[in-house]
Amino acid sequence: MKESLKDRIRLWKRLYVNAFENALNAIPNVKGVLLAYNTNIDAIKYLDKDDLEKRVTEIGKEKVFEIIENPPEKISSIEELLGGILRSIKLGKAMEWFVESEEVRRYLREWGWDELRIGGQAGIMANLLGGVYRIPTIVHVPQNPKLQAELFVDGPIYVPVFEGNKLKLVHPKDAIAEEEELIHYIYEFPRGFQVFDVQAPRENRFIANADDYNARVYMRREFREGFEEITRNVELAIISGLQVLKEYYPDGTTYRDVLDRVESHLNILNRYNVKSHFEFAYTANRRVREALVELLPKFTSVGLNEVELASIMEIIGDEELAKEVLEGHIFSVIDAMNVLMDETGIERIHFHTYGYYLALTQYRGEEVRDALLFASLAAAAKAMKGNLERIEQIRDALSVPTNERAIVLEEELEKEFTEFENGLIDMVDRQLAFVPTKIVASPKSTVGIGDTISSSAFVSEFGMRKR
């Protein structure tokens, strides 16, 4: 072993400090970011054992427990709602089921929430990039009722509105409309949380989604008709929310109708040389997933985790590699990233998992690694505080320990790749960046961590490379 574990930890500490300063100085260079398409209201409830047991007992424990073993993956009754929550606890897995029944929607509303936050990947990133990083940010809101608009923080966050025939950019609070409240009910539980004999192996959340607009990737008229004008105000775009698409809708439209519009937006972004990042999220429908993979060549960058990367390998036709990626083998992950780049020609792939991040790029530079380190700090700070208000708060995460298990992985990478230094691997026509992340022992909240990681890395890397 060339260096002791202590030496490596010291090295990463130094790299983290430098990366934070570099990102802090570079972020003001970013002149504008566009975020689309999913914004909603997150109603967060921290589950209480007694309350949950009482509700399960009232509705019928046997019926609810049956749902745990045979999940419908959608909610049309209260027992399905409670069964879904218990299944998520039992497996320690994040799950999201759509609420089809009005009766359950009323029940959810009456059950209430502990706090409201802006939700949806675009909405969460808007409060971070515009509110915390102070980057001028244009965000798509399918609906903009008062309850949602007030969840946007102050700062350079804008929604486009038509005044007569002119498109204006105003803060969401100045564009409130009598529109629908799109609520995602999020039930959070800590590691070890127990209800009856069901115990959570790790902290996570169950989402009951009562939102008909984002479920079909509804696009506002301003985005349908004024997209080119919006594009002129930005250098970067982050697209998310397409994972919910269904093959067919009751009104006769299909996922293709939505993706054709997305593709026309990407063509405009590319014409204006706007760099675009696609936040891939697990897409249940195979045909939709195939179509999303086909769209990747139009993007500059994609962000994903092991479940999403494996699901793409299945589409590409490498079942064996998909399995190995799910099992968490780092070399399989690297192979899969290379396969994805070969297949799509995409310039940048950002992989995030518990403990480490990787970025495979068709260009070189320490900025790629520094952006990953900054993203790790931002995620740790958000996990510690539950919410970020100022970019300076991210500095506090420097004191969070770096994941030592990932530092051991670094040794394996060194053995495999001769050209490996300070987390950077030269792969002839590509560069691979590896960073061990900061792990917060008991996070205040897990909502929006993935969005924080991807958007922080994408914008800070762009800012640093622009200097």
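Glycine too: its Cβ is placed from the backbone N, Cα and C atoms.
What Swiss-Prot records for ASP451 is active site, proton acceptor. In the structure as shown, the Cβ atom of ASP451 (active site, proton acceptor) sits within 10 Å of 25 other Cβ atoms.
Positions annotated as D-glucose binding site by Swiss-Prot: ASP42, GLU96, GLY120, GLN121, HIS184, ASP211, ASP451. In the three-state DSSP assignment, the secondary structure recorded for GLN121 (D-glucose binding site) is helix.
In the shown protein chains, 27 other C-beta atoms lie within 10 A of the C-beta of GLU279 (Mg(2+) binding site). Taken from Swiss-Prot, the feature Mg(2+) binding site covers GLU279, GLU308, ASP451, and the record attributes it to sequence analysis.
Within the same chain, residues at least 6 positions away in sequence whose Cβ sits under 8 Å from that of VAL440 (ADP binding site) are ALA380, ALA383, MET384, VAL400. The feature ADP binding site is assigned by Swiss-Prot to ASN305, HIS352, THR353, VAL440, GLY450.
Mean predicted confidence for the domain 'ADPK' (10-467): the pLDDT average there is 96. Marked as domain 'ADPK' by Swiss-Prot on the basis of sequence analysis: 10-467.
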Which of the binding-site residues GLU279, ASN305, THR353 has its Cα closest in space to the Cα of ASP211 (D-glucose binding site)? GLU279
Neighbour count, 10 Å Cβ-Cβ cut-off, for THR353 (ADP binding site): what number do you get? 18
Which is it, of GLN121, ASN305: the one of these binding-site residues whose Cβ has the most other Cβ atoms within 10 Å? GLN121
Just to verify a number: CA distance, HIS352 (ADP binding site) to GLY120 (D-glucose binding site), in angstrom, no decimals. 19
Running the binding-site residues ASP42, GLU96, HIS184, ASN305, GLU308, THR353 through a 10 angstrom C-alpha radius around ASP451 (active site, proton acceptor) leaves none
